[in-house]
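Enquirer: The structure under discussion is supplied below as structure tokens; questions concerning it will follow.
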Amino acid sequence: MVAFGKKLKQRQYPEWQRYYINYKLMKKNVRQYAQQIQGGTEDRRRVLKEFSRMLDYQIEKTVLFVLQEQGHLASRIEALGEERDALMQQLDIPRMQALREAYRSVGQDLLRLLHFVEINAIGLRKILKKFDKRIGYKITDYYVTTRSNHPYSQLQQVFKHVGIGAVVGALSRNLAEFQDHRGSYLSIYDQPVSALALQDPVIDEIKDAVERLTHSTNFLRFLGQHALIIQEDLPRPSEEYIEDQRYHFVSLLLNLVNTFLYMVNTYIIVPTADDYSISLGAAATLCGVVIGSMAFAQLISSVYFSAWSNRSYFRPLVFSSIVLFLGNLMYASAYDLHSLSILIVGRILCGLGSARAVNRRYISDCVPLKTRLQASAGFVSASALGMAAGPALAGILQINKSFFGITLNQSTLPGWVMAIAWLVYLLWLWISFKEPVRDYEDQAAEASNKAQKEEHTVEDGLTQPLLLSSQSAEKVLVEDGEQEADGSEESAEESRKPANSIVEAYKLLTAPVKVQLLIYFMLKYAMEILLSESSVVTAYYFHWGTSSVAIFLALLGLTVLPVNVVVGNYISNMFEDRQILFASEIFTCLGVLISFNVIFPYSVAQYVCGAFITFVSAEVLEGVNLSLLSKVMSSRLARGTYNGGLLSTEAGTLARVVADVTITLAGYLGQGLLLNVTLLPTMVIGIVSILATLSTYNSLF
């Protein structure tokens, strides 16, 4: 195998060789540091300080060169601009063509500069990981954290690309003027970027390169992290062509509608589940079993739907729609049949029709990289809207009539409405869905097995350009299956092999991943306790009816998107992910603490305040938690049946099942004790997750 240092040297531009980071020197120093520490002749702190200083020098050398080259490109564009102004008066077509080619030449040089940055990012990432492994000290956490938010940070200078953006803008404007010279007076600034369909190909190449290097936190990326659609690699252009061939917008829309309808189906019964249980002769607290039976079945369906999506997307969605149609029919019919068993079996069938694993997989496998982030955000938005629409719809369905022996009331109408919705969806699916061509995927999968992808180990948002953006260039460097000469890294084939069982997938979980899954379990448990018992608790303490509960739950659901806007656009740019994670855990526990009934009388203000703090904090926690989880998850869990998305789904679903069982069991103690008895384990799990976070991230502030 060819060592990375040799591959790095082969991909360098000779005239720029002295400006690249000196990977060979740093690798040699790491080896010496390791030997000295093992021999007891060096102190770890001094080694950390020396190596950090070396990194600072190497990065500064690279950054100053990038800024210098940006200045040269800007000077060339300025000179070409003066020549262009003169030619615009003369309309000399041959000279204008030559000038256009000169602008394109600047664009090609800019692409070379972007490639230079990518190569250095790869080397920096690899040497950080090598230091972590050989020295036994996580310098990656320390170094990037201390350098990321500092006003004089060289990392910020290179990875935020302010200067490069200005050069791209100047090139785009000038080339667009050449293209639109015959009669158009619109500037590129008069229309959105998406409308510039005829822009020069070199600009498209530059934009793709910048997109790989610009991975800063924003609203769409924050939403996309909720979906936990783990991105394996940034594809080569040929792979992007394959993705474009498989992409079908209506099919993506059908997946998002499936997500929306399923979330509506999940929460539409929450305001009335207690009344339905009472009407069938059971206790109101049996609503926990009625609601939780769907989540219990989802534990099973997530696995077989994930496996099924390896072969098809259309057939699982058809099966899901049919099962959900039948499940809702049984749920609605249980009232007239006066059968609690049929009610629960109907909800189990609904859970067995959960195709969220297929929805995630379709976005991951069939949506082109350039639109995958928006599709992931759409997945989360559809889920949030479904969570709000479900209870709101239940509040509207307040009639009590009977037709041909079929009772239509607030308890049965959710089942009938969802059965009709799934039938309409099935017809649309059958007519419009386009099954992707699987041959392309098999070829891409076979090709991707030749590449090696390292695990993400850094939590800070600014490290995403460092860790993720350079994978496209790294693919070129490692496509022959390169390994470190000392054999410290896994073989390329082994590192890309997906897990073949849930047990094997569990063995791939590192300590940080287990902590993130514990946090995910905690927040889902807290949210399920809050939502599922809301109808019983509010009826007991405040005598709320179905409409009041529906409005309350709908308002909770509607907070999801605004909260994500604030966190994604502002808070995540001010604090590190792990700091937001810790604060969200604290506020979630604070909301639970406020909700305890220790002051008599228990007021609406206290309950609503505690509920909103718990729910909003848990929503923020979910986004940040999944963001961190996607960074520390093994690359082997990015594909296959037993992937990271499946593991997180199983953890969250298990939490919902346990929460609903807790509600049912606590109901035997009486409705007066239900609230405190269910909140107590929520608080305990929250405290455990906080302690686990503190032990995993030693330095939070």
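Backbone N, Cα and C atoms are what each Cβ position is placed from, and that goes for glycine too.
TrEMBL does not curate its annotations; it predicts them automatically.
So TrEMBL lists these for the protein:
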DOMAIN    2-145  domain 'SPX'
TRANSMEM  249-270  transmembrane segment
TRANSMEM  276-300  transmembrane segment
TRANSMEM  312-331  transmembrane segment
TRANSMEM  337-358  transmembrane segment
TRANSMEM  379-399  transmembrane segment
TRANSMEM  411-431  transmembrane segment
TRANSMEM  517-542  transmembrane segment
TRANSMEM  548-568  transmembrane segment
TRANSMEM  580-599  transmembrane segment
TRANSMEM  605-629  transmembrane segment
TRANSMEM  673-694  transmembrane segment
Enquirer: Other than its close neighbours in sequence, what residues sit by the transmembrane segment (312-331), given a CB gap under 8 Å and a spacing of at least six beyond its ends?
Expert: 251, 254-255, 258, 261-262, 265, 269, 305, 342-343, 345-355, 358, 361-362, 366, 412, 414-416, 418-419, 422-423, 425-426, 429-430, 433, 435-436, 438
Enquirer: When each of 276-300, 379-399, 517-542, 605-629 is checked against the transmembrane segment (580-599) for Cβ pairs under 8 Å, which one has the most?
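Expert: Answer is 605-629, with the largest number of Cβ pairs below 8 Å.
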Enquirer: Using a Cβ distance cut-off of under 8 Å, indicate which of 337-358, 379-399, 548-568, 605-629 has the most pairs with the transmembrane segment (517-542).
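Expert: Selected stretch: 605-629, with the most Cβ pairs under 8 Å.
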Enquirer: Taking contact to mean 3 or more CB pairs closer than 8 A (sequence separation of 6 or more), are the transmembrane segment (411-431) and the transmembrane segment (249-270) in contact?
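Expert: As far as Cβ distances go (cut-off 8 Å, pairs 6 or more apart), the transmembrane segment (411-431) and the transmembrane segment (249-270) touch.
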Enquirer: Taking pairs 6 or more apart in sequence, does the count of Cβ pairs under 8 Å between the transmembrane segment (379-399) and the transmembrane segment (673-694) hit 3 or more?
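Expert: No, the transmembrane segment (379-399) does not contact the transmembrane segment (673-694).
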Enquirer: Sequence-remote contacts (6 or more beyond its ends) of the transmembrane segment (249-270), Cβ cut-off under 8 Å?
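Expert: Hits for the transmembrane segment (249-270): 276, 290-291, 294, 313, 317, 320-321, 324, 328, 331, 347, 350, 353-356, 358-359, 362-363, 366-367, 375, 378-379, 382-383, 385-387, 389-391, 393-394, 414-415, 417-418, 421-422, 425, 428-429, 432-434, 436, 531-532, 534-535, 549, 553, 557.
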